[in-house]
Each structure stands twice: as structure tokens, then as C-alpha cells.
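Okay, so here's the structure we're looking at.
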Ligand code: GTP
Ligand code: MG
């Protein structure tokens, strides 16, 4: 096995560290100013000797962004006695679960990593960092803090430090020995603190097993460099600490096989395990250097079942009904067992509530049945329990929010990205029975949409209860997901500031809350009402225990970030919803939010008592025609028509491409893989019929399509990119060069549609055809600077020269593949 024999060493460059700190400082706090970037929180900790260290913390999802100054999760810096900036502690680069990000998809792991692969059991305590400062003192930290904490008796960092002392005593060494040694190595020791006496986690550690498990030694550098496992072990032995078990593999297919096998039971080496961390080296592409890189493989069960048992046990101790939806039968049985135990042994319940005896109770239960957790899971799977992994439709997203949190923005962005359903309570045009109308509309949208966003504040349990009940009556299998805009009382001021700023600058651009023409005081009063009535999600009780998943988001941050959290959580919980489709890129998310923020409601009404709906609606209609009324503040500009196109289903296109290139040699598939790996495949595919840029050359056609769009839109209640008609798209061949790839297509019969025009009276025939020389679908471009319209140039060259040595690649699409396309006008973003 190819071992790296020697320890890596690189000294810190103080200038580089100063730059790093400046860059982090620049992203501190102020989240709203840099939506495309990342945000950092800095905490300064005072050390016993009066010096200070700074901890830098980024949001989890920020680590998925490109070009961060560092990807270290857990980073502490300080000023040396000589006045230099220095990294004191450096955690691992944030690593992701398999399949969680592009880089950890198996295809990419197989292609872009190399062994030896070290597979270590994901320990199940809390992470502890140990490092040496320039004055010979030892610094012990948890992920983002060090020293004592006001709110707990013994902080993680302090518990970690006690264990360091105990371990060192066994080998007769001191903390300053360790401090000096680590600073000479310019390294941070990374350990897992596993001690059930201190804090019980789900997996058991006996007295003998408790301690600090050393799993890594990282160089204190902005970029990630870490010791190979055998040298980590050697260090742990030398300093009296515990080692982690790891398995070595050279071959990635064996790695996968091993993990898949263990994942079937979640049990390894006789122990229930949370997952594995796989350490190896990776590179961005063939020309990039190999760098140290980790990913993880999390096991879902029986770990999750144990957690459910723990929560339910605490519920019954607290006199509340236990709430659970999974592992129903076995959990009932377990709870009966637990109740009996608590009755027999009086002190037990109290101890359990203090996190003691959790594992004992569980193991006694399993022993009494003569089964293991793994057995139970296996039996359940054989019995056909539906896992959230297998959910492919019937999901309702239920925001729990107040006015101006960004519900509609997130909803529209999801519509744009995934074509899901969305209905706004503000679009219910009656005053009576609004709740019922709202729920009924959501139910009916579920028939044609896998996911529907129920856009209403749902800020009170009463509303949640009504929505969940009314939908469940007709559709019993719906899963409800709470999009919980967390409203901690302590955070009310920032929430007020954020939501008011949004609502007031939105002006009249809303169906019912028209801050532009109403008295601002009145609007603020309405908003306050929602804040005061707000009831946070409480899944321990009805109706919130019906939520299958709760996604917490922050009303004060950018919708862009919240959108990402929502998609991430949905994706990891219900991967089936995203089956066969490319996940959107960060720039897709930017674009979708941008698009959503241009939203213009297509009607307005007054819900206040005595408000005159009809009048308001008429005004709005007038407004659409004349575009402005006197003494009304300027409305946001209506987005302009960008182009007309035929949209085809992205999952189909992606699977067709994958099938076409799967069996090609590396040279033929090279550009396609390049697009895939660089996330340069379009998220959405269409045949352009006519773009605004060529409107003047084909004025009649442009106007005709616009008129058709206007007519359909009038009837399309809230949908401003409604379908104008259908058109078959015959895929003929794929053409590419080193810049761009596209399909050459034929529009089948150029379907003729008869539709009512703007006045709703006359009818008109429209022949869908493209004004481009060759009808095509752009697949992707090599980089952002290359615009999709360059397909036209490529196809012109291909028409003149054909393919082959000129660098143009060509593959015919086999079979007679005709996709059903949807003709739509697509609005611009400005
Ligand atoms: P109601 O329907 O009134 O309850 O509000 P809502 O929760 O649906 O909020 P909405 O999505 O309408 O957002 C309120 C306003 O803030 C709109 O004008 C949005 O365009 C704008 N907005 C939403 N998210 C962001 C954001 O991240 N940044 C900025 N600058 N504006 C945002
Ligand atoms: Mg809204």
C-alpha cells in the first residue's frame, strides 16, 4: 500500500495570514451587502493569561461556495508576541456527505480522487482542537470556542482540556511539552471527545472507551494539509491518547462496496456507527495538483431510530404524548418497555432526563427481544416501510412566517428552478371561506405538481391545523414540510428592521399590503399584529407534529441564502424529488432569486373592512393598460419580454445526454464531461423561437407572439410565463466544439395553435417557428463568458465545414426522439 511516509511540514507565512484575516474581516456581519459572497462571524476569547484569540465562523452552506479564503471549519487566529498574525488552530476543510455536493457525487469521486483511502469511523462526540501558542501555552478549543462558558458548568473545551491532562499524565508529559511540540510542527491536533459521563451522545462509550480520540493532525495553513493516518496514530500513542480505527483501501470501487455493505446495517466491528469519514486526495481537474480532501458517508439507521427513542422517552417522562411517524410498531414496544422500567425503578426517569442511562435502557430493551437495531431496520425494510428517500411527490411546503419575510420570493424562485406549484393566499379573491379555498387550491395543484408551496403566513397553530386537516382530508398521503422563519423574541428588533425595510421598499407591488399608497403606520401596525400572534413551530404537539420535516431559516438574512438552505434540506431528505435532474448551480440560484424579486402581482385587493375590491381591481386593470395613474407612486417596471422559446424537460435531456456519452471513448466524451464537472450544463433547456434582440428584424412575428402571450396571461391567474401552446421537438444530433455544445433539432410540424388574443374575442393562428438559421437547444458553454447564443456561430461553421478535424464534434441521436415542448414567453430580469 502506498503510504506517505514522512510528516508534511510548511511554516506559516505571516503576510499571508494577515491577508486571510483581512479578507475574513471584510465579510464580517453585514450579510445583506454581499449576497454573492459569504458571511463570517468573529468571536474573541480571552485566555487565562490575558491574551486573546479570535474564532472565525462561517455558515455551513457558505462552504459550498467557490473562492473562499479558507474552507477551514474551526479556525482561531491570534497575534504573536512578535506582533505577527498567526493561525493558532485549524480544523479540517468542511467536508460533505456522499452525493451532497457535486464533488462528492460518486461519479466525481471516482474520477477526481486517488488513494490510499483511509476510512475511519465517524466518531460520535464533539470535536476538540489542541494547539500550541508562541508562549508555550496549550490552547484547547471546541469547534468555535475556548475556555469557560457562562451558561454551562463545564464547557466542551474545558472537558477536552481535562482529558488532555489525564492522557498526558499516563505518559509522564506536560501540557507545555505538547504545546511546544505542536507549534514546532505548525499543526493542530484534532480529536473527538467521547465521554458519556460528561455528555451522552447516542452511541455508547464505556469508562474504558472514554477519552480523546485523535483523528487528525492539520497544518496551520489557510489551505488544507493533513497528516496520513499512520502518523496520526503514532502521535496519539506517543502522547497517551486514543486512536481511531480506520480501514485502508487503494481502490475506490472497493471503498464504495465496503461502505454500501456496512450501510445496510449501520453496524461495523460490532458497533452501531454513525458513518465513515473517507480521507484521500482530490484534484479539480487533470491539470490541478492533488490536495488532501475528505468526504463522509453517513448511515441513517438505526441511529435515527435510537434518536427517536430518546426523544420519545423524554416526552413520556415530561408527561407529554410521544410523537413519531417512523418505526411505529417497534417504538411503541420500546416505550412500553421504558414505562415499565421507570415504574419499577424510581430514580431512573430523572437520570434519563439528565442524559444518563439512555443507552442502557435501549440495550436492555434490545436484549429483552433478542434483536439488534440493525435486525429491526432490516425487517422493516423487508416489510416495505416508505422511506422519505422514496418520496417523489405530494409534498406541501408550509411557510411559518410574518409579513415581508420573503415567502413569495422563495416560492417563486422554487417555481423558476424546479417548476413546482405555488399558490398565494393573497390571490384568493373572496373574503369569506378563504382558508378552505386556499387549501382546496393547494390540493388541486398537487395533482399536477410534485411539490406545492402554500404561500401564506401560517403564523398561528390554528392556521396550520386548518391547512393540514383540509388537505389531508382529500389527500391522506401528503407530507408537510415547515419552512420556519424563526422568530425568537430576542431577535424581534432585527426581524422588524429587515421585514419593514422590505415591505416599505416593495411599495404597492403587492396584492393586499400596499405600502406605497397606504399610511405606513397602518402597514407597520398590521405587521406588528403578525409578529405578536406568531407561534413558533413545536413538533412535540399538534398540529406541528404533523410536519415531516422542519426547515429553520432566518427572516433577517437574504432570501438567496434561505433558498439554498431550503433546497439543501429538501434535497437531503427527499432526494427522489430531484431525481434525474441537474441540481441548479449557485448562479442559477442567484438568477432565480433575482427573477423572483422582480415579481409583479397581477391584481390587487383591499382586505380591510369596507375595502372595495372591485374598485381596486379595476384600478389595477387600468393600471396595466395605461401603466400609470396620477398620484400613485411609480410601480416597479414590468419585466420585459426576453425571448419566446419551447421549453423541454431538463431531466429528459440530461438522461439522453448521459446515455449518448456513456459509451463513448474519453476523447469524444471529453467536452461533455468537462461541462458536467464544471457545472456548466444548463439547468433549463429550450429552443429559442425569437429573442428580443432580433425583434426588429421580425417585427410581425414578435408582436404576434407578444399578443398571444398577453391574451393567455390574462387568463393565467398569477402565472406570468404561461404556456402558449405545445410543440414537438425532434432531437437530431449533438454538435460541439471546445466552447459550446448544442442539440440540432427539428420542430415537428411546427404546430399550429389557435388562441384567443389580447381582447379575448378574436382568434388568431400562430405558427411556431424559429428565426434562427438552425433550430437548436444549447446544452452548455465552457465558461460564463461564453453566451448560449454562440450556438448559432458553431452551427453556421458546422453547416459550412461539417465536423471532424476542424475541432467540431458530432453525434447523432439514435431512435426517433421527439420531446413534447412547451411554448412560452420568457421575461427578462430587468
Ligand atoms: P407578504 O406576502 O407581504 O407576507 O410578504 P412575503 O413574505 O411574501 O415577502 P416577499 O417575498 O414579497 O418579500 C418582500 C419584499 O422584499 C419583496 O419586494 C421582495 O422583492 C423583497 N425581498 C425578498 N427577499 C429579498 C432579499 O433577499 N433581498 C432584498 N433586497 N429584497 C428582498
Ligand atoms: Mg407574499
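In case you wondered, yes, glycine gets a Cβ from its N, Cα and C as well.
Looking at 530-566, 567-603, 604-640, 641-677, the range annotated in TrEMBL as region 'Disordered' turns out to be 604-640. Listed in sequence order, 273, 274, 275, 276, 277, 296, 298 are the same-chain residues at least 6 apart in sequence whose CB falls under 8 Å from the CB of residue 122 (active site, N6-AMP-lysine intermediate).
In three-state terms derived from DSSP, residue 122 (active site, N6-AMP-lysine intermediate) belongs to neither a helical nor a strand segment and is classed as coil. Residues belonging to the domain 'tRNA ligase phosphodiesterase' (559-827) score a mean pLDDT of 77 in the model.
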